[in-house]
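Under the heading active site, proton acceptor, TrEMBL lists His205. For Arg109, Arg115, Asn147, Arg181, the entry in TrEMBL reads substrate binding site. Residues or ranges marked as domain 'Lactate/malate dehydrogenase N-terminal' by TrEMBL: 31-173. Positions annotated as domain 'Lactate/malate dehydrogenase C-terminal' by TrEMBL: 175-338.
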Amino acid sequence: MFRSMLVRSSSSAKQSLLRRGFSSGSVPERKVAILGAAGGIGQPLALLMKLNPLVSSLSLYDIANTPGVAADVGHINTRSEVVGYMGDDNLAKALEGADLVIIPAGVPRKPGMTRDDLFNINAGIVKNLCSAIAKYCPHALVNMISNPVNSTVPIAAEIFKKAGMYDEKKLFGVTTLDVVRAKTFYAGKANVPVAEVNVPVIGGHAGVTILPLFSQATPQANLSGDVLTALTKRTQDGGTEVVEAKAGKGSATLSMAYAGALFADACLKGLNGVPDVVECSYVQSTITELPFFASKVRLGKNGVEEVLDLGPLSDFEKEGLEALKPELKSSIEKGVKFANQ
């Protein structure tokens, strides 16, 4: 009884310390804009960003229904002011002064839809939004969630280049969901607490281009080759698993919002000068022959401070790396071609 009271009192002391640590005086003002905030990912992402004490201003934008989402989220008693913006005429206001722009806009994948089908719709949406970012908040960090990320990040890069506003350190493809899944699935098989697990995931953000490096997982567990192969496949097919389980009623919106909020938090910490913030992300890269590649990245005040090397790979992972390159190369080229049409 006495011990539980001690635990409670020390945890409440910790919480009040945390609250004081996050008081607006000690944390910089940061505006975060979410483009596509009324959608399946956008709404839970808006909720999670409203809970983030590093955010002082939350700007929610979509083509419809944003004022309702903003009114709902805006009633939550946390630090950030929330404004909802709707329609093309208000995109400039939504973006002006943003430190971080998160883009979950577009349509989700439905059963039977190929990534090409997704591409045909979402590529145009991303192109328009990135043109506006280049104009109204060219120095913001951009977190791309809209699929197919393997192509939408190269599209964004080309649009920013055309506007004379490209900074490769500030453009990120959010691949955090692959890491979240790899950690969850690995912890289940290794029978270790998931909170202690870390698994880097490299490559891209679709199917076979997703390569979890279980050989570098911590804590290390002695899993058989067959189990590691199955874990890799499950991580690669995680999105399809959710689409099928939802039986045509949606895709991975909640877990994606969680992963998007985790990565956004890491970006904000980097901007605020927190040292040694390292996350996996799909960025412009020279660690392989491909111009964009997901790997561990150190985040800082300028966005990408350093792209970290891949580290030692198992033979299975080396094979996976060579196998993913042609598909990732073709997705990148497709995005570049679309942007320059």
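Including glycine, each Cβ sits where the backbone N, Cα and C put it.
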Helix, strand and coil counts within the domain 'Lactate/malate dehydrogenase N-terminal' (31-173) (DSSP): 65 helix, 28 strand, 50 coil
Sequence-distant neighbours of Arg115 (substrate binding site) in its chain (C-beta under 8 A, six or more apart): Arg109, Asn147, Pro148, Ala206, Gly207
Chain-internal residues, separated by at least six, CB under 8 A from Arg181 (substrate binding site): Arg234, Thr235, Gly238, Ser255
Least Cβ-crowded entry, counting other Cβ within 10 Å, from the recorded positions listed as Arg109, His205: Arg109
Arithmetic mean of per-residue pLDDT over the domain 'Lactate/malate dehydrogenase N-terminal' (31-173): 96
CB contacts for Asn147 (substrate binding site) [other CB atoms within 10 A, all chains]: 24
